[in-house]
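Beneath this line is the structure, given in structure tokens, with notes to follow.
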């Protein structure tokens, strides 16, 4: 829920008048009012060195959840976006310790937890959130973002003033001038690290906090990170216990996300992830009301049956006794949403993914819903992508042997790697470790293949750039940007073999594709564009921490079936077993199919007729390209 903007003027920087700062905050909030259409509010400190602004999408405690928040002494002021779950339990605990609350809002926990625990309050928060807090006595600003980056938070410095915002466009109300970061754009570094398409504007990384002091210093620090056991570690429980624990944790994650004072719905595709969420939600609803029905929304690609999952979604909805709203997605509709998707996401878009999700969230909003449960995050936690088998097959899995799981031999793994490499249709993916560390080529910083898929999918062909751009920045290399952006601890665990290669790949995909593209372009930005809050049960951190502790073979399970000599791999095996009671047999057995709006044209032939026509007319394309001076317009 909601959107925020903050301004912090350190010592030595002249602040504006209180009135001008308030007007600037209000102008900033106007640019992100789609994030919070229900109300807005500002706080300006007496010396006008600090300003906080907030727009609200009211979901919990509708009458009294207004922001900015403050404590009873007016010494702590705070703006919060997102949802903090399990807040009733923490509130009860704190009230017994003498802390008082002005409202029932989950956001107020941040203020009172800060008074009790300082920066350590973050260890008590469960959910998707971003916040900025001002401590009057200590003259500091404290900002933080949830563990996975579900909620956005950007920062920059403009004329000496430190700005934080839910979206970069909000900075403009306070005098920030956007300037293209040509090197970042050419490398599509927005996918790889904390850079954005604009110079000087950065993402606060997922699982990080920032402290801004009156001296002007900005300190950023991780408070949480993904972690995995050593590859040789022995599991401490049985296979059945692992499946049951995953099921219990996922059910608990969905249960927490059903809490809302407004109606909610479920995004439903044909896959196991959203189907599991819908199935569990139905199960929980009917514990209280046997006749309860949930409402689901799905995209129907009516012009391309090969990518249309709506018939399968319809069968799942019928099985659950749920209402299903089909949202027709034609080429014309998706193209018409492409420019709006780019504006909202502030991210380079080379697919229709964002446009499709924007179309879907509009339907949810138009039907009167403010909250939608989503299946995002599952592929990155349970290893659902088609390139993960290459990294699973790279190393043996001794932990699985102790569980009685039969594993392919080294020669079998090599043969399977050849098959799965061909199946990815990405020849750029290295097949084995030797090809990554060969002496006659560049030595890579990660001993995995999966991030090469991102280079293939999200990197740009250098032929689209003007020659002078390439002379200025050299050859763009998204793969190298990803490797250099990964924490050195993870690189060491990869090269040394301390972490299984599949786990390294899961870490990297979570920190790049998931955290910087999926949760942004297809998550928060597309949802909040139409004032819809998406809740992501698969990224409940107790669930993720447990799944990360499991052996790789529970995520990608090798099986032989009727032919002992013929191995195959089942992706997301432990998830399939865990959610089997909640999904149809058809969904349980179905292999992963990525969310892909149809391209509407033959590969290698450029844009389709409708797409090309739109590109030639839209200000997002040729005019902006000329202004930026990046691209050769002949590609259109």
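Any Cβ shown, glycine's included, is placed from N, Cα and C.
Quantities reported herein were computed from a predicted structural model and do not represent experimental measurements.
The predicted model assigns the domain 'Glutamine amidotransferase type-2' (2-215) a mean pLDDT of 95. As annotated by TrEMBL, domain 'Glutamine amidotransferase type-2' applies to 2-215.
Annotation comment: TrEMBL describes 2 as active site, for GATase activity. The Cβ of residue 2 (active site, for GATase activity) lies under 8 Å from the Cβ of 35, 36, 54, 55, 56, 57, 67, 80, 81, 82, 166, each of these being in the same chain and 6 or more residues away along the sequence.
Per TrEMBL, L-glutamine binding site is recorded for 106. Within 10 Å of the C-beta atom of residue 106 (L-glutamine binding site) sit 26 other C-beta atoms, taking all shown protein chains into account.
According to DSSP, residue 374 (ATP binding site) is assigned to a strand segment. When Cβ atoms from all protein chains are considered, those within 10 Å of residue 374 (ATP binding site) total 26, not counting its own. Under the heading ATP binding site, TrEMBL lists 374, 375.
Residue 376 (site 'Important for beta-aspartyl-AMP intermediate formation') has a Cβ environment of 26 other Cβ atoms inside 10 Å. The site 'Important for beta-aspartyl-AMP intermediate formation' feature in TrEMBL is assigned to 376.
Using a 10 Å Cβ-Cβ cutoff, residue 375 (ATP binding site) registers 22 neighbours. Between the CA atoms of residue 376 (site 'Important for beta-aspartyl-AMP intermediate formation') and residue 106 (L-glutamine binding site) there is a gap of 23 Å. Reported as a whole number, the C-alpha separation between residue 374 (ATP binding site) and residue 106 (L-glutamine binding site) equals 21 Å. DSSP classifies residue 106 (L-glutamine binding site) as coil under the three-state reduction.
When the alpha carbons of residue 106 (L-glutamine binding site) and residue 375 (ATP binding site) are compared, the span between them is 23 angstrom.
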